[in-house]
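Colleague: Annotations for this protein, taken from TrEMBL, read as follows:
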BINDING   64, 66, 67, 71, 306, 338, 404, 407, 408  Na(+) binding site
DISULFID  170-179  disulfide bond
TRANSMEM  58-76  transmembrane segment
TRANSMEM  88-109  transmembrane segment
TRANSMEM  130-158  transmembrane segment
TRANSMEM  221-240  transmembrane segment
TRANSMEM  252-276  transmembrane segment
TRANSMEM  296-320  transmembrane segment
TRANSMEM  332-357  transmembrane segment
TRANSMEM  383-406  transmembrane segment
TRANSMEM  434-459  transmembrane segment
TRANSMEM  465-485  transmembrane segment
TRANSMEM  505-527  transmembrane segment
TRANSMEM  547-568  transmembrane segment
């Protein structure tokens, strides 16, 4: 009966169905109870909403968002730092019990309610609507620094069109006496003060960090980087301005090309001398590490940020799906692709690190100290520069980075666009192109501080505090609101209405208890650990950490602000206000889910 109902109800958009009479609030079957006291507003859905042209457009968009630069630089580093092969045990467990259930939850919510991160709370638990606004603020912060990293990659891409890559030698105007080129040289001594040509190219030519003394004196804007960022945002605008019908076509290139490049780099890396040293270092299990709490925290945080629940992107992308789309299968497939990509990226990185260790005649551990952007902009380019066919490999490597970055940018900005347009449809629905243009301009202007000589310091600050703990708190509150306030039974009925089959006990237990506990574990561990930020030789001053906490709070604060606003402006006694603020407005699909529940009851 459930499957028959789902197929007979492809997506209820007919306003005529509304004539079936008033609905009432109460139990899951309250819509059909004549004894309920107060009518509950019913929200209609319209056929004017965009839809994906093809199923693969959606899948590639989700994969493109989830698989980003962090898969290439963050996972390999965290893996070897936390016990190598032994780290895969907490990573897989955290994925099964935390990451994938939350991923599935967001896809199901977006597909069922067909609305963005702000409006959806009317249908789940209105008092938590501030979560939607907080998500949009965090997505803005991400756009302020993430696109700058793509601009760096574009700068490198342009610089790669040379027979001799500019980070190969120490004969350039930006080099210092500390520059030490050890490739192809004999009797070269590597000291603590030594700097490779690739490091000086990155710090002194691309960033020009030496012209800034830190956050107090960022220096001027680098016009070359500003031009690169302008080109990036131009691509972003023309990919998003018409909606998912255009972005769904673009991801066929941006989401698939990185896999071709990864495969080429993997084959090349495996043939390098010393590659096996890197692989052994990457995967050699250190079982004693499993007794350390920090390893489990890193595994939980890595899977959360890698899959990306809580960012509002999955809600937005799945909201354009057909009502009966199999979001369960989508969640499993895309999660597997994401995790396997991270694992394979480790081989791509560490075969090259093993090669560098062989060339420097040092241990892999001494080469693998770089993490974050330094791994992608210093260590890997340095190795590429000394391979046969270096120009070709440099070009495809930075093309891969640009594509990986663009996919995630598409997802992050689409989350804002969908959320705002769904919240204010009358004012903005027919002005999408103008709204997207305004959003892109705001993101570009917000990124200017990251384009200065000391912009890398701002990037690290925003990356640490602009997203960090705030987005995990939002994910935790979202899981609690759906499982405990909206109700796990009602949510299961929603999924049954779409798929014809209710989620099993495993998923329900994860949503109610295990996944929220997973997020609470990360939050508590993060709060107990005071961050000590450093970048190269610069130690962030104490006041900058305070500024960072204020940045984090500036997104989270919209949750309590909206709660107070909602309670103050809702008429009635405090008890009545709470009842209204916690009661979701009913949608036509929800009424169908209730009907389905009634017809399948024994």
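Just so it is clear, glycine is given a Cβ too, placed from its N, Cα and C backbone atoms.
Automated prediction, rather than curation, is the source of TrEMBL annotations.
Show me how these features fit into the shown structure, please.
Modeller: Long-range C-beta contacts of residue 67 (Na(+) binding site), restricted to its own chain and to partners at least six residues apart, with a cutoff below 8 Å, comprise 255, 258, 337, 338, 341, 404, 407.
Tertiary proximity for the transmembrane segment (58-76) is limited to same-chain residues at least six positions away from its ends with a CB under 8 Å from its CB atoms, namely 52, 107, 149, 244, 247-248, 251-252, 254-256, 258, 282, 302, 305-308, 313-314, 317-318, 320-321, 325, 330, 333-335, 337-338, 341-343, 345-346, 348-350, 371-373, 375-376, 401, 404-405, 407-408, 410-412.
Residues of the same chain lying 6 or more positions beyond the ends of the transmembrane segment (88-109) and with a Cβ under 8 Å from any Cβ of it are 62, 79, 82, 120, 124, 290, 295-296, 299-300, 302-304, 306-310, 314-315, 318, 327-328, 330-332, 334-335, 339, 343, 475, 478-479, 482, 491, 494-495, 498, 507, 510-511, 514-515, 518-519.
Sequence-distant neighbours of the transmembrane segment (221-240) (same chain, 6+ residues past either end, Cβ-Cβ under 8 Å): 147-148, 150-152, 154-155, 158, 206-208, 246-247, 250, 402, 406, 409-410, 413-414, 417, 436-437, 440, 443-444, 447-448, 451-453, 455.
Long-range contacts of the transmembrane segment (296-320) within its own chain (CB-CB distance under 8 A, at least 6 residues past either end) are made by residues 49-52, 58, 61-62, 65-66, 70-71, 74-75, 78, 81-82, 87, 90-91, 93-95, 98-100, 102-103, 105-111, 113-117, 120, 132, 135-136, 138-139, 244, 327, 330, 335, 338-339, 342, 411-412, 414-419, 422, 467, 471-472, 474-475, 478, 518-519, 521-522, 525-526.
Distant neighbours of the transmembrane segment (434-459): 140, 143-145, 147-149, 151, 207-215, 217-222, 225-226, 229-230, 233, 236-237, 240-241, 373, 413, 416-417, 420-421, 428, 535, 538, 540; these residues of the same chain sit at least 6 beyond its ends, with a Cβ under 8 Å from one of its Cβ atoms.
Within its own chain, the transmembrane segment (505-527) is flanked in space by residues 94, 97-98, 101-102, 104-105, 293-294, 296-297, 300-301, 304, 468-469, 472-473, 475-476, 479-480, 482-484, 488, 491-492, which lie at least six positions past its ends and keep a Cβ under 8 Å from the stretch.
Remote same-chain partners of the transmembrane segment (547-568), defined as residues 6 or more beyond its termini with a Cβ less than 8 Å from a stretch Cβ, comprise 126-131, 133-134, 137-138, 141, 461-462, 464-466, 468-470, 473-474, 477, 531, 533, 574, 577-578, 581.
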Colleague: About how far apart, in whole Å, are the alpha carbons (Cα) of residue 64 (Na(+) binding site) and residue 170 (disulfide bond)?
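Modeller: Rounded to the nearest whole number, the Cα-Cα distance is 37 Å.
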Colleague: Counting Cβ pairs under 8 Å that sit 6 or more residues apart, are there three or more between the transmembrane segment (130-158) and the transmembrane segment (383-406)?
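Modeller: They are in contact.
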Colleague: Calculate the distance in Å between the alpha carbons (Cα) of residue 306 (Na(+) binding site) and residue 179 (disulfide bond), and round it to a whole number.
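Modeller: Counting only the Cα atoms, the answer is 36 Å.
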Colleague: Using a Cβ-Cβ cut-off of under 8 Å, list the residues of the same chain that are 6+ residues beyond the ends of the transmembrane segment (465-485) and lie near it.
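Modeller: For the transmembrane segment (465-485), the nonlocal Cβ contacts are 102, 105-106, 109, 121, 124-125, 128, 131, 134-135, 138, 141-142, 144-145, 301, 304-305, 309-311, 491, 511-512, 515-516, 519-520, 522-523, 526-527, 548-549, 551-553, 555-556, 559, 582.
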Colleague: A 10 Å Cβ contact count, applied to the recorded positions 170, 404: which residue has the minimum?
Modeller: 170
Colleague: In the same chain, which residue numbers or ranges, 6 or more beyond the ends of the transmembrane segment (252-276), come under 8 angstroms Cβ to Cβ?
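Modeller: Hits for the transmembrane segment (252-276): 56-57, 60-61, 63-64, 67, 341, 344-345, 347-348, 351-352, 354-359, 387, 393, 396-397, 399-400, 403-404, 406-407, 410.
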Colleague: Could you measure between residue 179 (disulfide bond) and residue 408 (Na(+) binding site) for me? Cα positions, answer in whole angstrom.
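Modeller: Counting only the Cα atoms, the answer is 35 Å.
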Colleague: For the C-alpha pair, I'd like the distance in angstrom between residue 170 (disulfide bond) and residue 408 (Na(+) binding site), rounded off.
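Modeller: About 35 Å separate the Cα atoms of these two residues.
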Colleague: Cβ-Cβ under 8 Å from residue 408 (Na(+) binding site), same chain, 6 or more residues apart: which ones?
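Modeller: Spatial neighbours, sequence-distant, of residue 408 (Na(+) binding site): 64, 65, 68, 69, 146.
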